[in-house]
Structures are given as structure tokens and as C-alpha cells.
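J.: As annotated in Swiss-Prot:
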- Ser38: substrate binding site (BINDING)
- Lys42: N6-succinyllysine (MOD_RES)
- Tyr51, Ala52, Ala53, Ser54, Lys55, Ile84, Ala85, Thr86: NAD(+) binding site (BINDING)
- Tyr51: active site, proton acceptor (ACT_SITE)
- Lys55: N6-succinyllysine (MOD_RES)
Amino acid sequence: DWDKVIAVNLKGTFLVTQAAGQALVSSGCSGSIINISSIVGKVGNMGQTNYAASKAGVIGLTQTAARELGRHGIRCNSVLPGFIATPMTQKVPQKVMNKITGMIPMGHLGDPEDVADVVAFLASEDSGYITGAS
């Protein structure tokens, strides 16, 4: 359902980004806002128009927030995972998974820990000059 996907993926991300940004600005603290998008938001995917549009919106939202909040020392980045081994991907038929993994340069799905490591890096001071990245 178009409206539900947009409400959860895009509006939900907007509301959390807005609240975090306002809280950080009003406290005078610097910080890092990290939004989760998807590679589908960048390259699209058959049968996922609503999902692709919502995740592309997250990318644009994050890049704009980075520009607006940077002067306050607040970094905003988005992570665009590809196909990750989750309960959702376990439901995909094996024939389809074979086709998907054949298109992945590494030849296999990523693990949730792969995404978590990127998020942890972006949240740390080690990424202190990275903002607006996807």
C-alpha cells in the first residue's frame, strides 16, 4: 500500500530526524543523525515502486538535513544496505535468491552486523567530517 509505505519509511524518518535535530540544536550539542535507506532507493527494483520512492526520499531528506544542520555541528548520513540476510529475505524463493546473489559483487547477502558496523562508524567521532553521505 503506497500511503502506508510512505508514512512509515519517509514520514517516519522525517519526524525522527526533525525531533533529533531540534533536540540537538536546542541543547547546543553536536551529534550524528543516521537514517536507514536502501540501495533500492538509488537504483530501483521491479515491483517496489512505493518502497523505492520512499527510500529515495530518505536519501534526499538526509542530504538536505545535512546542509541545514551542519552549521550546528550535526552530521546527517544515510546508510543504503543492499540485500541483507534477515527473516524477510528468508521468505524469498530460492530461485529468486540465486538471481539476486548473482548480481551482488560479493556473491552473497550481507549480514545485519555489516550494517551495524557502518552505523557505529557514522555515529562515532571517527566520521567527524562525513555528512550528507549515502
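Residue numbering: from 1, along the chain as shown.
For all residues, glycine too, the Cβ spot is worked out from N, Cα and C.
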J.: Using all protein chains shown, find which of the recorded positions Lys42, Lys55 scores highest when you count other CB atoms within 10 A of its CB.
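T.: Selected residue: Lys55.
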J.: Cβ distance under 8 Å to Ala52 (NAD(+) binding site), same chain, sequence separation 6 or more: which residues?
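T.: For Ala52 (NAD(+) binding site), the qualifying residues are Ser38, Val40, Gly41, Gly44, Asn45.
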J.: CB neighbours of Ile84 (NAD(+) binding site) within 10 A?
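T.: The Cβ of Ile84 (NAD(+) binding site) has 15 Cβ neighbours within 10 Å.
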J.: Between any two of Tyr51, Ala52, Ala53, Ser54, Lys55, Ile84, Ala85, Thr86, the residues recorded as binding NAD(+), what is the biggest Cα to Cα distance in Å?
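T.: Pairwise Cα check on Tyr51, Ala52, Ala53, Ser54, Lys55, Ile84, Ala85, Thr86 gives a maximum of 22 Å.
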J.: Between the binding-site residues Ala53, Ala85, where is the Cβ count within 10 Å the lowest?
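T.: Comparing Cβ neighbours within 10 Å for the binding-site residues Ala53, Ala85, Ala85 has the fewest.
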J.: What residues, ordered by sequence, lie under 8 A Cβ-to-Cβ from Thr86 (NAD(+) binding site) and sit at least six positions away in the same chain?
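T.: Sequence-distant Cβ neighbours: Pro112.
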J.: Write down the Cα-Cα distance for Ile84 (NAD(+) binding site) and Lys42 (N6-succinyllysine), rounded and given in Å.
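T.: Approximately 16 Å lies between the Cα of Lys42 (N6-succinyllysine) and that of Ile84 (NAD(+) binding site).
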J.: Give me the non-local Cβ neighbours of Tyr51 (NAD(+) binding site): same chain, 6+ apart in sequence, Cβ-Cβ under 8 Å, ordered along the sequence.
T.: Val5, Asn9, Ser38, Val40, Asn45
